[in-house]
């Protein structure tokens with residue numbers, strides 16, 4: 001007999017994205033290509049920021065950390081998804097499932113906070129340009145990044161500490177391609193209503209607070225520039241558009257998954273694919289194509 005927290009269940013079974021072997025073969029090629037591009041793009045941004053002296057500034061230090069976070073976030077689920085396309089029985093061990101949930105929420109929670117830090121950097125740069133170098137110094141940048149990782153860790157470990165103590169004694173089929181807390185809780189052998197509310201509230205509160213702070217930050221930036229110089233609005237929009245685009249792409253699916261769950265299987269799977277696979281791919285593309293200094297740094301290579 002296994003421990004109480006695992007009870008009879010030692011592994012979970014993924015239903016996956018589809019049943020058709022032909023479609024799975026097609027998705028294997030597609031997601032393998034997307035994952036390779038994601039890893040290459042984000043590693044390229046990190047190395048570019050490190051190597052190019054012109055990019056040694058707070059904005060690009062935070063951008064490099066965002067790319068590092070995307071590397072981790074995409075690697076939590078995508079490699080397992082790709083290898084499962086080759087298997088008839090898509091299983092994951094109990095510990096492997098717990099690890100997926102921990103690192104998924106660690107990188108995801110940390111990235112939410114990091115996006116807020118990036119918005120703060122833009123606020124200081126646009127609204128307080130004369131004090132930018134004194135406020136956004138090296139120590140402040142390190143503190144901001146460390147804060148994002150610490151909050152991500154606390155957010156993740158607080159949920160996992162509860163999940164690992166729950167009794168799993170029978171059902172073990174997950175109608176998804178990876179382990180996520182709302183899905184795993186449904187397999188617990190007890191009334192999970194309160195637990196579902198608490199865990200969703202944990203993720204929902206973090207996402208809501210970060211999203212509200214981001215809305216306030218970018219709204220204040222645009223209002224400040226508008227009142228100072230109407231001609232500066234377009235410049236501010238150009239500077240912040242990439243950040244705002246990433247924010248909407250990242251927080252949009254999270255809102256529907258954790259704050260306003262739709263309970264429609266195919267929609268949930270689509271949103272999961274979007275924020276776990278597509279978003280980490282779009283971040284380097286958006287910042288590369290819309291950022292003039294990044295493009296110039298590439299030309300200097």
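Just so it is clear, glycine is given a Cβ too, placed from its N, Cα and C backbone atoms.
Here TrEMBL flags 25-50 (among others) as transmembrane segment. Note on the transmembrane segment (25-50): residues 17-18, 56, 60-61, 63-64, 67-68, 70-71, 74-75, 78-79, 81-82, 85-86, 277-278, 280-281, 283-285, 287-288, 294, 297-298, 301 of its chain, located 6 or more positions outside it, place their CB under 8 angstroms from a CB of the stretch.
Under the heading domain 'G-protein coupled receptors family 1 profile', TrEMBL lists 41-287.
Per TrEMBL, transmembrane segment is recorded for 62-82 (among others). The list of residues near the transmembrane segment (62-82) in space but at least 6 beyond its ends in sequence, with Cβ under 8 angstroms from a Cβ of it, reads 17, 28, 31-32, 34-35, 38-39, 41-43, 45-46, 49-50, 92, 100, 103-104, 106-108, 110-111, 114-115, 117-118, 121, 141, 144-145, 148, 177-178, 246, 276-277, 279-281, 283-284, 287.
According to TrEMBL, the transmembrane segment annotation covers 102-120 (among others).
TrEMBL lists 141-163 (among others) with the feature transmembrane segment. A Cβ distance under 8 Å defines the sequence-distant neighbours of the transmembrane segment (141-163), meaning residues of its chain 6+ beyond its ends; these are 58, 61-62, 65, 98, 101-114, 116-117, 120-121, 181, 184-185, 195, 198-199, 202-203, 206.
Cβ atoms under 8 Å from those of the transmembrane segment (205-223) belong to residues 109, 112-113, 115-116, 119-120, 122-123, 126-127, 151, 155, 233, 236-237, 240, 243-244, 247, 251, 254-255, 258-259 of the same chain, restricted to positions at least 6 beyond its ends. The annotation transmembrane segment is assigned in TrEMBL to 205-223 (among others).
What TrEMBL lists as transmembrane segment is 244-264 (among others).
Beyond its flanks by at least six residues, the transmembrane segment (270-289) meets 17, 31, 34-35, 37-38, 41-42, 44-45, 63, 66-67, 70-71, 73-74, 76-78, 81, 104, 108, 176-178, 180, 242, 245-246, 249-250, 253-254, 256-257, 295, 298 of its own chain at Cβ-Cβ distances under 8 Å. What TrEMBL lists as transmembrane segment is 270-289 (among others).
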